[in-house]
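Visitor: First, the structure itself, so that you have it in front of you.
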């Protein structure tokens with residue numbers, strides 16, 4: 001793909017051919033347009049000279065606060081508010097791919113990954129190939145290429161949508177994070193359906209207050225030309241959002257409020273998932289899903305709402321629901337039968353931990369045991385709150401490392417400890433692998449073991465470096481070593 005610079009920035013004296021866009025000077029290749037913007041940690045304008053050495057055909061830079069620029073024959077384009085325009089710039093370059101896709105945006109503290117994966121699987125089953133952009137990566141269900149951000153940068157998002165469209169996607173289910181909304185990573189995207197799962201404490205290290213966090217999420221539901229909003233009425237913020245006047249269609253869902261468009265009652269949970277009655281304005285329907293837990297039933301309802309928002313018939317949607325699987329690292333089961341049941345889940349907020357433990361309590365014939373940690377360099381205020389939840393709902397608690405990043409694990413433990421009433425009964429173990437091995441070795445065949453916090457992740461971030469690590473692999477190894485003598 002290559003276009004003249006004038007297609008991207010109309011007012012320019014020279015008009016070189018642009019091969020690609022990039023925000024990182026280290027990725028510049030001859031013919032690229034380097035977009036130099038100040039970031040939280042790095043100012044791209046400090047790397048303009050490097051981009052030119054690597055062959056940049058042009059540079060656009062944030063003019064406010066810019067200092068001395070290199071002397072060059074290459075076009076240097078000053079732009080005021082460049083960061084806020086990146087999504088639109090990338091859209092012009094890539095041909096606005098979202099406008100020829102059915103784009104479903106899913107936001108919320110918990111459940112984004114599950115809902116996007118459910119929507120994608122369902123659309124595939126209904127005959128509309130659906131791509132995915134989110135925490136687990138970008139691509140098609142079962143073949144995702146991992147990325148570092150839930151919502152990629154504005155250029156990466158537009159490039160990903162272009163690639164998915166070329167590969168045959170007619171729809172895309174996309175996780176839309178509060179960071180992505182606040183930073184304008186998706187500004188130029190044409191969302192057809194917006195979904196809210198829930199809102200609870202998270203990311204306050206970035207947003208500062210719950211009000212700012214909620215305001216970032218709310219942006220998605222006032223999106224220009226949005227066709228449909230799908231909102232959870234079992235959530236306080238959801239009820240507030242649903243009460244706002246908007247032109248777009250509103251589909252609400254609930255397990256508690258019978259006034260919801262999708263109201264689910266008489267839910268029966270077992271080891272095979274859930275059976276329930278779905279009440280809609282068109283009548284009652286039987287709903288079946290293999291996913292565990294009441295919170296996953298909410299995720300299923302959110303996916304149903306999104307599919308209705310794309311004008312699929314409810315009867316057709318309900319037919320494919322039993323075939324849909326949960327994502328990797330979300331309530332993922334290992335062991336069981338003649339060994340302890342181990343469940344690996346990404347739960348890393350107080351609310352998510354509470355929902356996971358409540359969902360698994362009925363499955364524990366013996367004890368419900370939980371291992372968790374808290375990420376370094378993130379919201380310290382939620383650390384004691386997570387301790388309170390686990391102590392209240394689990395029979396045994398192991399605290400260990402999550403992704404400590406630049407923090408010492410013992411300092412994170414010190415922040416967690418005040419949340420326990422009886423911290424002397426809690427095991428604090430540095431080294432997540434050792435903690436998992438000890439916990440599973442101590443479990444009996446009737447126990448349920450929850451490994452919370454990392455889910456699908458195949459690394460641990462320590463001192464700024466990602467080291468290979470997988471809860472799933474560690475659990476499998478520990479289960480292989482588990483024998484009847486442990487019981």
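Heads up, the Cβ atoms here are built off N, Cα and C, so glycines get one too.
Taken from Swiss-Prot, the feature ATP binding site covers 108, 109, 110, 111, 112, 113, 114. Taken from Swiss-Prot, the feature meso-2,6-diaminopimelate binding site applies to 378, 402, 403, 404, 405, 453, 457, supported by sequence analysis. Positions annotated as N6-carboxylysine by Swiss-Prot, on the basis of sequence analysis: 217. The annotation motif 'Meso-diaminopimelate recognition motif' is assigned in Swiss-Prot to 402-405.
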Visitor: Do you see any of the recorded positions 217, 378, 403 whose C-alpha is within 10 Å of residue 108 (ATP binding site), and which ones?
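Guide: Neighbours among recorded positions, in sequence order: 217.
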Visitor: Between C-alpha atoms, which of these binding-site residues comes nearest to residue 217 (N6-carboxylysine): 112, 113, 114?
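Guide: Closest recorded candidate to residue 217 (N6-carboxylysine) by Cα: 112.
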Visitor: Setting 108, 109, 110, 111, 112, 113, 114 aside, what same-chain residues sit with their Cβ within 8 Å of the center of the Cβ atoms that define the ATP site, listed in sequence order?
Guide: 106, 115, 175, 197, 198, 299
Visitor: Starting from the Cβ centroid of 378, 402, 403, 404, 405, 453, 457, which together make up the recorded meso-2,6-diaminopimelate site, report each further residue of the same chain whose Cβ lies within 8 Å of that point, ordered by sequence.
Guide: 348, 373, 374, 375, 376, 401, 454, 460, 461
Visitor: Quick one: DSSP breakdown of the motif 'Meso-diaminopimelate recognition motif' (402-405) into helix, strand and coil?
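Guide: Per-class counts: 0 helix, 1 strand, 3 coil.
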Visitor: Among 402, 403, 453, 457, these being the binding-site residues, pick the one whose CA is nearest to that of residue 110 (ATP binding site).
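Guide: Considering only the listed binding-site residues, the nearest one is 453.
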Visitor: Work out how many Å separate residue 113 (ATP binding site) and residue 405 (meso-2,6-diaminopimelate binding site) at their Cα atoms, rounded off.
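Guide: It is 23 Å, counting Cα to Cα.
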Visitor: Give me the CA-CA distance between residue 457 (meso-2,6-diaminopimelate binding site) and residue 111 (ATP binding site), in Å, as a whole number.
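Guide: Rounded to the nearest whole number, the Cα-Cα distance is 16 Å.
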Visitor: Spatially, which candidate from the binding-site residues 109, 112, 114 is nearest to residue 405 (meso-2,6-diaminopimelate binding site), comparing Cα atoms?
Guide: 109
